[in-house]
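Report on the structure given below.
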Amino acid sequence: MLDQQLVNALSLGCVYALFALGFTLIFGVLGVINLSHGAIFMVGAYAAATFMRVFSLPLWMGLLGAFLFSGLFGLIIDVLVLKPLRKRNAPHLIPMIATIGVAIILNNGVQAIFGAENLRFPAGTIPDDALEFAGIHVTVLELGIVMVSFVLMGVLMLALKRTQMGRALRAIAESPKAAYLVGVNVEGLFYLTSFIAAGLGGLSGVLIGLYSNALFPLMGQPMLEKGIAVIILGGMGDIRGAMLAGLFLGFAEVLSVAYIGSSMRDAVAFGLLFLVLLVRPKGLFGSLQERKV
Amino acid sequence: MTAPLLKVEGLKVSFGHVEAVKGIDFQLHEGQITTLVGANGAGKSTTLLALSGLVKKTAGRVTFDGQDITGLAPHKIVSGGVVQVAEGRATLTTLTVRENLELGAYTRRDGAAARAADMERIFTLFPVLKDRAEGLAGNLSGGEQQMLAIGRAMMAKPRVLLLDEPSMGLAPIIVQDIFRTLREINKLGLTIFLVEQNVRQALKIADRAYVIETGEIVLEGSGRELLGNPRVQDAYLGN
Amino acid sequence: MTGFDNFWAVYSNLVLSLGINGLLALSIWLTLACGMLSMANAAFMGLGAYASSILTLNYGLPYPAAIVVGMALPALVAAIMGGPTLRLSGVYLAMATLAFGEVVRIAVLNTESLTGGALGLNGIPQLTQWWHVLLALVITLLVLWRLRRSKVGRAFEAIKEDETAAGLMGIDVGRHKMLAFVLGAAIAGLAGTLNAHLTFFIGPGEYGFNRAVDILTMTILGGINGLTGPVLGGVILTILPEMLRGLGGFRLVVNGLVLVLIVLFLPKGIWDPMRFRQWFQRKGEAA
Amino acid sequence: MLELSGISRHFGGLKVLQDVNLAVPDKGVFGLIGPNGAGKTTVFNLITGLLPPTSGTIRFDGQDLAGRKPFEITRGGIARTFQNIRVFKEMSLTENVIVGMDAKLRYGAVGLLASTGLFRSEERRARDRARELLSWVKLDHKADQLADNLSYGDQRKLELARALATEPRLLLLDEPVAGMNSSEKTDLMHEIRNIAERGYTIFMIEHDMRFVMGLCEQIAVLNFGRIIARGGPDEIRNDPQVIEAYLGREDDEATNEGVTV
Amino acid sequence: ADIKIGVAEALSGGAAQYGTAIRNGFQLATDEINAAGGINGNKIVLVVEDEQGKKEDAINVFKKLIFQDNVLMVFGPTLSNSAQAADPIAQAAKTVAFGTSNTADGITSIGDYVFRNSVTEADVLPETLRVATKHANVKKVAVLYGNDDVFTKSGYDNFKKALEDAKMPVTTTETFAKGDVDFKAQLTKIKATNPDAIVLSALIAEGAPIMVQARQLGINVPFIGGNGMNSVKIFDLAKGASDKLYVGSPWSASNATPENTKFIKAYTAKYNGAPDQFAAQAYDGMYIAAQAIKAVKLTGALPADRAALRDALPNVKWTGATGAFAFTRANDKAGKPAGYDAKQQAIVSVTKGTQFEIEK
Ligand SMILES: Nc1ncnc2c1ncn2[C@@H]1O[C@H](COP(=O)(O)OP(=O)(O)OP(=O)(O)O)[C@@H](O)[C@H]1O
Ligand SMILES: Nc1ncnc2c1ncn2[C@@H]1O[C@H](COP(=O)(O)OP(=O)(O)OP(=O)(O)O)[C@@H](O)[C@H]1O
Ligand SMILES: [Mg+2]
Ligand SMILES: [Mg+2]
């Protein structure tokens, strides 16, 4: 049983990490806890499901569509909401509150359009059957989620570490003023970050939506709660930290179900998280300074 | 006299109801060191930030190399060749020294080889940066960070270097180094606009100098002239 | 029935909710004023609500005594957990306090014999009178107003801006933070007690993440530079959905839109005296 | 008055201070100079309790400061200013200064809640005192402005007034004139001299030699975490080790003004 | 004159899925009744308000309907929690509060103006268990339920009691939380205990993925579900993994009585989708209320009419989409008679292909 549970934990951890990647990116670069990320996640899932049903598209087109569509939403949110707040030098919790408003709009807008009931991706989008190795069951989708999340983490980390744009993003994260001074198009990179972060949110919406196969307007809300835990535990905007924290949460949940009792799962997981914070007050990889706004 | 490389006319900057810069004119000539001196709060930093596009100009016109750059976005100004080393240095402490330098070349499109060559040049100018290249910039001491800030600005291949109090908080020996370096890079042909509290030294190395008081330029002349000006001696040299 | 009676019959609960939400907003304002982003107040509200309801429901304790317990228990818990937790700063404190809230929620779910678990507690006597809420709000405002005008308020503000510098000005940072945290917990507990004895029923789902975010939203939206802001924010966020009732399916979309617009045009919160002054001055100049 | 004996401080593998022994005498102005990164600010951080020393003891008026929290040390009579300015930007100048008096305002919870006569007289006293301290640094005309709107140099002066508000006996100043021009430095020099004459002991870090040499009776030089010289201004000025590490040679046309004056 | 009836259901928020179905059920019944000439010539007018599934809003909406809109009676609210908060308002105002979806214990203890036609699972589960045991040879079961939701938790409480009564061994009891997407940890644990069936108290959003993931882990035993799983959505959401789910309820999509057939046809035509149990109970609830209203002589004096309606309701017998229906008196906490619960016969059905098949 333990081997199966470890596989379960890995895939659940990757589910959380996948959601958290875009979330932590926007947190790191813009310094905003974007509480509409859950709604964007949901929008991505609905967009892909709709595209795929209406135009009978294959999954990869659905994923691409979701990425572009939610990315576009992220961009619009940035232009209409976050940018004016940056311009006005709003105190640092204010953008977060604005994104709550955005989430309310998106959640209820989707409900008004699609109704409240559960939708799903077209049957057969991805093989449902599990593969079996030595008594361990995994599905293609789980393998896909694990792979996608590790690949995305690798790509993002490499991009941030090695490319000029990545350096620029890190510069913005530390000090937009310093970034301006070296000639970084800070606004442009804010847009790009919002686009990519939201796109990743939408992408994770599709994959996780396929996993649960029950889409509903508020499906992003529970993810958002876990996602916040993950990105903060990982440390401000740290990609590697988000991945590790996602896995941490996944393992904490699965192992507490396996060995302590499922009714104590969240208490154990969050209790551990609490303790980790007491030991590492800046998260797992919190060497970065919090930007003083 | 040749046409100025950078020309500022009627520059005004306000913060809310406070006018920090009240319509000033000045010019930078190619290959010269120009300095702007003044008391605390006179508006020196504000002027520099306005030149770089980091604070909004309420009025005025800035021409650089014959082109109007008044309303350009900050990154456009940098890629045009006007680069600033800001007050407090603004080194990126979470990046390594090398990364800071590489970021300096952010706006350049002339290939890795040219950038690497420039980096070597900066390493010869500031050998200590080479020793610490892979360390985090945040661990450098104040003086080393100042050198890094200047080096980073030079990585952008500037035509005009704007410096805001580069000597602040530095040990005397380092201050000497910095001023020596400034003159060296000036000799390489770089135009320098220097804002300093260290008025005596600034005037000593400046070809041209302006004195700013509460947002207005009250005196201008060559460095030597102002150094001998009794009003300057009285107000800024503390004699 | 007179117009007022009629109004009161329909809207009494709404009006009292305004007061209770005002209290909640003030409870988190207190910690924000001290620079702490604590999200534990929803949990403290729940602790107060459960403690007092269990006492009035099962043991017939008089309401005043229940109120005291409803404030004291969260305050005590805050005092105990404040020690290790308040060292954290910024979002890390927010996360730790959210985690604490989650643990409280699971504890309630798992102590069914006492708390009813997911089914909650029902049949709680409706003991809250309109004047209880009013009095609670007035006293809270008065106390906070006095605090704000004194060295304690100044110390809070200094800590908010720069904890280290405040400490080096001779301010006992730890004690002040603890004071804000514990007092905030007591106020949240009071709000929880009043609410529980108004609505017959409480359940564990009411005191989770969403409530924590709601409370924060009220305060930030209202503006944290004063006591008027949080109360105003509480009032607006409570009334807004009711006012939009006529709009049907898209009412919450409009609700969200209004929220975004308020934030965009009043980025320092609704109650922003500086901006008011600016407006007046601009008018004065124009005239 | 203040005595550091055998003080070391390490950050990970970095030995920032090694076996530093210093005694700051009662009354007068004592200076600490040294190259960037020598560990000067760290010395202040140790004295004010922001950091614990790796080893060694610090005594103030004969009492060991080990384990005391920063606010306790401040209340015990040591105040400081910061190299990187740390005024409370969103507060007015007056409020900034009154924050420094926190421990000296003696009204309890009752006085506070009921706005008793004691409360009002104490608050009035604080306000008057704040104005007086601001006038010492010539900022009283800006008393009701927000600190954020002050320029760099004025913020430094505000920090000084705020530190004085804690009624210290020992005042630690970390580069008080950084960012000021010569005439402003001269002004501040007078003001600090006045403060010293009022009976405060001043312990100061500064890179401006004219300022340091003009004010300090005693100077210690820190280099790479060790004290390399100690003495009066003239001794220090001519100490070859200090010149090598810190002052530099006067072979340059644009020499440091401090050395020539 | 028109007869105003209040409908307070969750049309937004997490419970909107159920609230909307319920509203549709009321609307359908109302339209039918009005098309047939109304009640004694009077048309029914629904006053629909969104209570968001929150207790404060439920209270506010109840007050608005009762005191401002002057409705004759109120249907709703959607969730049991909201009912616990709002029904006392109706009780105090001596106005009938009629729940069609509240299954938690104690709702009808609030007072004699509180009615419901939603069957608590206590009544149907023993029957479900019996049938499932008989057909699938169940000797021991594992239990899985949502422990943070009233609906699924009270379902579990009743399951537990039924299992005890039936002396059915339980291999393990596991929980999950609303909004979870991954249940494999619990299922893996369940699998290790080798049960013959899994008793599942869940709503469809979690229930469907649970069935899918169970099959993926190689768990092929039957599921025994509660009310929440009684929806044809299961065939869509758990496509390919929906077989062998036993549910017991007075209503079944496959129950081919004329009343039910008519209801399903009308609903599908009007709303472009299959009804679920929530819609069926709401639909019947409206007809039950209509029967009672038909029996009273409306005077136009609201308090008198409301009281008369209350007195007439308990006597209604009705056969609708959910089969034969009658009220039965419930007791309050002190054991004195209070409100009214439903008394109905359970139908047990099992999923096969894309159909519920009725099992006896
Ligand atoms: N963001 C701002 N908001 C309001 N006022 C400002 C702002 N920035 C600067 N000021 C004001 O503008 C004036 C000029 O400031 P500036 O920083 O340009 O002075 P400076 O000459 O660089 O002084 P210093 O030598 O102290 O650095 C000062 O009075 C300052 O208070
Ligand atoms: N918290 C810390 N963690 C790691 N290293 C530190 C820390 N604080 C200081 N240092 C290091 O200790 C050394 C001494 O720092 P300090 O600030 O005391 O120098 P200083 O003498 O005040 O220099 P300056 O004149 O430039 O202000 C520096 O190399 C610095 O990087
Ligand atoms: Mg300046
Ligand atoms: Mg220092």
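Each residue's number is its place along the chain shown, starting with 1.
Every residue, even glycine, has its Cβ placed from backbone N, Cα and C.
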A:199-219, A:241-261 - the one TrEMBL records as transmembrane segment: A:241-261
Of the residue ranges A:172-190, A:267-285, the one that TrEMBL records as transmembrane segment: A:267-285
Residue numbers, six or more beyond the limits of the transmembrane segment (A:267-285), whose CB comes under 8 Å of its CB atoms: 229, 232-236, 238, 240-241, 244-245, 248-249, 252-253, 256, 260
Remote residues contacting the transmembrane segment (A:61-81) - C-beta distance under 8 A, at least 6 residues beyond either end: 26, 36, 40-41, 43-45, 47-49, 51-52, 95, 98-99, 102, 106, 121, 125, 190-191, 194-203, 205-207
Distal contacts, the transmembrane segment (A:6-32) - CB-CB under 8 A, six or more residues away: 41, 74, 82, 92, 95-96, 99, 136-138, 142, 145-146, 148-150, 152-153, 156, 169, 172-173, 189-190, 193-194, 196-201, 203-204, 207-208, 211, 223, 226-228, 230-231, 234, 236-239, 241-243, 245-251, 253-255, 291, 293
